[in-house]
Amino acid sequence: MQRYFDIKQEELSNLHEIMDPNNLQKLEKIGGVKGLSESLKVDPSEGLPLKETQNRCFERKAHFGENVFHGTPVSSFFSLFKETFDDPTLKILIASAIISLLLGMFIGDPETGWIEGTAILIAVLIVSFVTAINDYQKEKQFQQLNELKNLTLVTVLRQLQKKNGEIGSALSQIPIEEIVVGDIIYIASGSKIPADGIIISSSQLQIDESTFLGESQLIRKDKNKNPFLYTGTQVQQGEGTYIATAVGQNSQYGKIYHQLKESSHLKEKTPLQDKLEIMAELIGKMGLYSAILTVIFLLIQLFIKNWGNGWDSSYIVNIVDSVIIGITIVVVAVPEGLPLAVTISLAYSMKKMMRDNNFVRRLESCETMGNATCICSDKTGTLTQNQMNIVKGMIFGENYSKMPDSTEIMGKWRDKLIEGIALNTRAFVQQYRSNLTQIVGSQTEAGLIRLLIDWGVDFEHIRKKYQNTITDVYTFDSIRKRMTTIHKVDDSYCIYTKGAAEFILDSCTEYIDQSGQISRFDENTKNNYRKIIQSIASEGLRVIALSFKLSYQDQNFKINSKEENESNHILFAIFGMIDRVRPGVTEAVNDALRAGVEIKMVTGDGLETAKHVALECGILRNGGLIMSGFEFRKLQHEEKKKIIPNLQVLARSSPQDKYELVSILQEMGEIVGVTGDGTNDALALRKADVGLSMGISGTNIAQEASDIIILDDNFKSIVVSIIWGRSVYDNIRKFLQFQLTVNVVALVTSFLAAVSGKGIPLKAVQLLWINLIMDTLAALALGTEPPSKSLLNRNPYKRSSSLLSNKMKRNIACQSIFQLFVLLYIIVAGPKIFNLDVSLEDERYHLECIVFNVFVMLQVFNEINCRKIEDQHDIFEGITKNKIFLYIIIGIFITQILIIEFGGSFFSTTHLNAKEWFYSIFFGLMSIPIGFLSKKIKINTNE
């Protein structure tokens, strides 16, 4: 195999080193296209030989690789399930469960001792299972998203066997992943380059390399000066054929993809993950300290009680029992519901966000986006529509503040103008299977075609009518700043030109005036036209002009004299074009600013265009700084840190500028979201706390680097992701407020009961039900609270802020004190209230059942309290919108009735009369007014 090909893949890849001025010399060294073709054993005029294609190009694939990108296969469900156990919190839970099982089964009651440990293991399995399912579905969805892009067919030249048995070469279409090194590939306007390669032949070929190299201008390609093509770039004009030299992982695109994959592990933990670890550690310590304190008290009691009586083996049993009680308290305190609440809330939000055009690739990014303090947004396609539209101008000497209907334009010259636009453009309308259409071509030409469509013109019909009359085309270049098409009609030549308005105006000697007559320019008139151009440009519009010239054969027309043919023209029109701001973006920007999220526009466009779009969107405000990437790069690091707080627009910026801006913002403590659609945005997307790639215009590499894919490329959808992120964060805090209250009450009650010598008041099976209420069901109920736009009425939480605010701590403290008072009141005064003699075992058993019932009712009604945190009083607001919450509360209530009335000895319960039920529900209901009153207590809000 090594002998069959005379060149190695490394040599081929070196031909395409990005921005390497020596690439042409490297190509010449191997003999140019001819030498390259010979080394790859392919004839450019024939394509790959039949014997290779019949064997599916096995040797080429083995030697040069396949046109696929490895490294992101969909993980199996089992492997994802296994990965979930890497979570430190789950490891602690599993260890606690094993200890609880061993102690319960071998030292405690064998019939019920297994329950607590089993309950924890069930909770762990639920968390792992739900997490694995969501990760698996997420990966499958992302794979399907990429598979849609891989349905692309590519036109190649290959040898084929005809029906009559003859072998001949022909163009055929093959799936993009079947492309191999040595394939001769045909490309035209609208094609996406499927593999790196070298041009064999081309005609007016211009490539958009902005998503790859960051160059916003179209790049002219030809076989002599710039024959290098890169995977993933887009053909905007012209056509050509080229020979593939690197595919898949070996292409420049593939190398970036591989580097990105290698650096994927560098993504740091989200702020919430850090805070949850701290919280889990805090709860664990709280349980551990309570347990140690309880064991110390029990051992002191035991020591005092047996002082002077001598010691025997029974005391060792008592010491072991004390230690078991302490371990039980630790197990009760373990926050097994915390990871479940996070998983449920994130999974629920992820599915809902999909409907709002947010495809979440990394679950944790949901909540991170909610606390984003700054978003660095692209302009084109995100804030704007990525569609150039002609919005004003001058046609035949008449000023229009908005574009007229074609019927409003005088008929004498109207058809000539329409003909000039149709023939002197190469943009075309492409139809997709989903009945969607897109204008393919440069943005300027797309704007002109859009104008013809608005006027109801069949421009393709005009092109077909005159397709054989076009004699020459002068393509656009950055020096002339114009494009010219010449076509012959009868005995005359008509020359149409379009381009930068000031250049076209300078080449015109005449114009069509308002009466429809051709008038000669004088200096005053030309100056007036210059002022019109300047006025339109000052509004941030791209200004172009269209002109024409008629030449007759008897005037010695020189078809090859470009300078002559583009001078002494008659001015048709001046147009102001703009990429309009998307509907709703201004309101979305205002929403983000109201939410305390700073928006910074980072664009490759010029200062004037960026400034006007930023002003229209509301991004550029009083005192805001607008700067070019060139100026930004000249500043020292400390100088950049000083200006960044006021920097609102960074124009003419490079991908490296964006990356550096993100890095400095993070260094300053900001939580940063970044939008990007190009391959060159990958590093900034990966660096950001949340990378937001575009679903329509985004490249595979940009999407791979991102955390969230904005399916409609719309800034409004980014603001929606902030709302959902804040909802996730708040739902987790609601659950914490609920669970910590239960934990505090359970720990203090257990401690007091233990040191008083009465043992743990709640039985193991009852603890299982309470754990289910305070963990799984509470996580499901509070974790699925839907968001509201009111979440934008507050600032994001700082990276350093605690999950528990001072107000939440106040709510937990007040509710815990109330619940402890009620439970102690029932234990002490219960015998008198309910006429029970606790010296009798059955009646003591009855009182314990009442305590259990009251405890559960307190949690049920406090769960309603916990729907709101901080100082929010209306706990019933929007409750009917969360059906899951209502079903769970009703379900818990009904199940508790069944457990009390029919649980019997299994649940250690007995029938309660109406009075006992009244007291249970009454005390539970009192949680609501207590919650309301606690929020009236003013406390220090400095976090």
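Quick reminder: no glycine exception, Cβ is built from N, Cα and C everywhere.
Per TrEMBL, the features are as follows:
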- 31-100: domain 'Cation-transporting P-type ATPase N-terminal' (DOMAIN)
- 90-108: transmembrane segment (TRANSMEM)
- 114-133: transmembrane segment (TRANSMEM)
- 170-260: domain 'P-type ATPase A' (DOMAIN)
- 286-304: transmembrane segment (TRANSMEM)
- 324-348: transmembrane segment (TRANSMEM)
- 735-755: transmembrane segment (TRANSMEM)
- 760-937: domain 'Cation-transporting P-type ATPase C-terminal' (DOMAIN)
- 812-833: transmembrane segment (TRANSMEM)
- 884-905: transmembrane segment (TRANSMEM)
- 917-934: transmembrane segment (TRANSMEM)
Long-range Cβ neighbours of the transmembrane segment (917-934) (under 8 Å; 6 or more residues past either end): 810-811, 814-815, 818-819, 822, 826, 833-834, 850, 853-854, 856-858, 860-862, 864-865, 873, 875
Counts of helix, strand and coil residues, the domain 'Cation-transporting P-type ATPase N-terminal' (31-100), according to DSSP: 42 helix, 3 strand, 25 coil
For the domain 'P-type ATPase A' (170-260), the number of residues DSSP places in helix, strand and coil: 19 helix, 45 strand, 27 coil
Mean of the pLDDT scores, which run from 0 to 100, over the domain 'Cation-transporting P-type ATPase N-terminal' (31-100): 81
